[in-house]
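Peer 1: Structure in structure tokens, see below.
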Amino acid sequence: MSAVPILANNDRDAGVVEEICGYLTEEPPRSYFLFAGAGSGKTRTLVEVLRRLTGVLKHEKGEQLARRLRTYGRSIRVVTYTKNAVAVINGRLGDNDLVGVSTIHSFCWELISGFNDDIREALIAVKEAQLEKETAKAQAKPRGITAAKQRDLDEIKADIEGFRTTDVFMYHPDRNTYGPGALAHKNVLDAAAWLLCNKPTLQTILRDRHPIVLIDESQDTIKGMLDALMGLAEPRGSGLTLGLLGDHRQRIYTDGHSDLPNLVPQSWATPELQMNHRSQGRIVTLINRIWKAELDGRTQPTTGVEQHPRIEKTGGVVRLYVGDTSLSPEDKVRRERWCADQMREASGAAAWGTGQYQLLALEHKLVATRGSFLDVYQAMVLLDPNAAAPAGSGDNKGPAAVQVMLNELAHLEACVGADGALNEFLATEVFRRHGSLDNIPEDPATRAARVDEMLKAMAAFVAACTDEKSTAEDVLFPVLSANLFEFDHRLSAAYADKSPPPAAPGRGEEESKQARMRRGWCALFDAPWNQLKRYRTYLAGNSVLATHQVVKGSEFMHVMVVMDDAVAGGNQISYDKIFGGTQLSKGDRENVDKGKETTIDRTLRLLYVTCSRAQESLALVLWSSDQEAALTRIKESGWFTDDEFQAIQ
Ligand SMILES: Nc1ncnc2c1ncn2[C@@H]1O[C@H](COP(=O)(O)OP(=O)(O)OP(=O)(O)O)[C@@H](O)[C@H]1O
């Protein structure tokens, strides 16, 4: 008797897999948009559908579809947001020649690569449209086309000329591509979208290769491509069927459509997942509340399925702590530890006392302060602002010129045991792997001299990296002097240059790239070596610290969300406005009047994403510019019970 209601409740979404299989195997097949909230098991649903449609699991109509796909050499294409998601789906699906899983970048490049004339035509058309639009916009302004704007417009013209004279285009979806004909990621997406809209041959190729395309995280999928695909899928029976999976409540990038649910054609099916399998009941109630909140300054609709927790997940602890944002960063870090202690008492989870909770901060700099690697992080930002921090797609690997410090030297350092002794066997392996032993001289005497030089350099390296006080320069010195690895010429040149760093530019002053990089190199060489390890862990996404954006798709037992608008800078996100410590600005009011997206809308979605990462307990720490006002508003909001929020003393 007891098992029945559990199954009934937890299995309220059990029919969705079969429902979707039905749409995709109908004649003609029907496109669908799956509303699937946080923790609802989108991936599992997707994989289960694919198993049935490709004949892995017994399914009459699925087997027929699989036969048809195989006969014509076709496959179902799944498009994911990150490479990590590709690996997860492939891992769960196993070997399956009827399904291809890739990121949108790989998918687009696969479609257009080799069609150089078409790519050229598309890129020129896209850029000319951009030039026309930007010129008209600038001309309409009271000051007309300023010198700075003219520079931007000239850059677009130069891009167009560059495309005109390129014969062969090159691209690697997994990394930045350099050299003649190299395309940026955005070029590839733009070109593919344009070609899909304008070239019937490419439309036929797509339909012929992949009659079914399923897109994960569709709320953040780049608009141009999504529009092109949605256009091709109409009318039903056109030869392309789309499945869009997503959660518009979790849209955090500006690439996606702002209101996807309303763009989906009426004729599409709209199945729903109502369960949240991830979080305890208290957390699910909170995220439902957050989404439904009728806040002043909100323009986005509250469309969405109310989620249900699993019926055995009746617990969960949620707390909101409100502190004064004018405190120093050190004081804030200390008080956040106090909040963690409060969480340990409230939840009884030892993890809060041992630092085993995931801390989510709004901004990388904030994370770097809390993670004690601020010097290294700031140096990396100066060296390459676009590569210094982890990205949601998992693509950033740090500035290219310092890769040897992030890889080779890290691997060598890992050969040093806790007792400070170097494991020579492992170190030799590291050298072999990175090609450092390839050029060891043949002649015995020179060979012995080289080996001796390497051993001495290694001993000096070990001494430097086990000394807490060493800077990056101290550790680099022996390895660079003995050429233990192949160093990027920019790193070697910067190291050899002993000139002092240029002064940082004043407010509003421009800085050349060269001066900025020189400051970056000097800051990096001066930074404590032990910060590099923490920076690497963060970059790789393996840290207990992360930004709010990067954790999309992840889950953690215990989560602390640190909300500190003042430190984060920018006006895109403001938690203090949501919680009442800051009033809406004039710009917010204007946006509301025009029905445009507001800070409140963006912040609410980000808050929804961060809160929904927690499985067991969730601490929200708000650094507010008006503690009292925020606490009053929080009490009125009804999001939390009286014992769930308090001031940070
Ligand atoms: N049917 C199910 N029964 C039990 N557990 C499930 C089920 N589906 C998913 N889960 C579990 O619930 C958690 C959330 O699933 P998953 O990460 O796939 O959700 P999601 O829809 O991708 O969420 P999000 O959009 O928040 O990232 C995972 O731990 C997963 O193992």
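Every residue gets a Cβ built from N, Cα and C, even glycine.
Per TrEMBL, the feature domain 'UvrD-like helicase ATP-binding' maps to 15-300. Annotated ATP binding site per TrEMBL: A36, G37, A38, G39, S40, G41, K42, T43, in sequence order.
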Peer 1: Let me spell it out: for each of the binding-site residues (S40, T43), count the other Cβ atoms within 10 Å of that residue's Cβ, using every protein chain shown. Which one has the most?
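Peer 2: Per the Cβ count, the most surrounded site is S40.
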Peer 1: Using the CB centroid of A36, G37, A38, G39, S40, G41, K42, T43 as the ATP site centre, which other residues of the same chain sit with their CB within 8 A?
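Peer 2: Going along the sequence, the neighbours appear as T45, D247, L273, M275, N276, H277, R278.
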Peer 1: When you measure from each Cβ to the nearest atom of ligand 1, which of the binding-site residues G37, G39, S40 fall under 6 angstroms?
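Peer 2: The qualifying binding-site residues are G39, S40.
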Peer 1: In sequence order, what residues of the same chain, 6+ apart, have a Cβ less than 8 Å from the Cβ of A36 (ATP binding site)?
Peer 2: K42, T45, L245, G246, D247, E272, L273
Peer 1: Tell me whether K42 (ATP binding site) sits in a helix, a strand or coil according to DSSP.
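Peer 2: For K42 (ATP binding site) - judged by DSSP and reduced to three states - the answer is helix.
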Peer 1: At 10 angstroms around each C-beta, which of the binding-site residues G37, G39, G41 has the fewest other C-beta atoms nearby?
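Peer 2: Lowest Cβ count within 10 Å among the binding-site residues (G37, G39, G41) is G41.
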Peer 1: Can you check how the pLDDT averages out over the domain 'UvrD-like helicase ATP-binding' (15-300)?
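Peer 2: In the predicted model, the domain 'UvrD-like helicase ATP-binding' (15-300) has a mean pLDDT of 91.
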Peer 1: Where does G37 (ATP binding site) sit by DSSP, helix, strand or coil?
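Peer 2: Reduced to three states, the DSSP call for G37 (ATP binding site) is coil.
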Peer 1: With Cβ-Cβ distance below 8 Å and at least 6 positions apart along the chain, what are the contacts of A38 (ATP binding site)? List them in sequence order.
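Peer 2: Result: D247, R249, Q250, N276, R278, S279, I287, Q307, Y608, V609, S612.
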Peer 1: With every protein chain in view, what's the tally of Cβ atoms within 10 Å of the Cβ of K42 (ATP binding site), excluding that atom itself?
Peer 2: 19
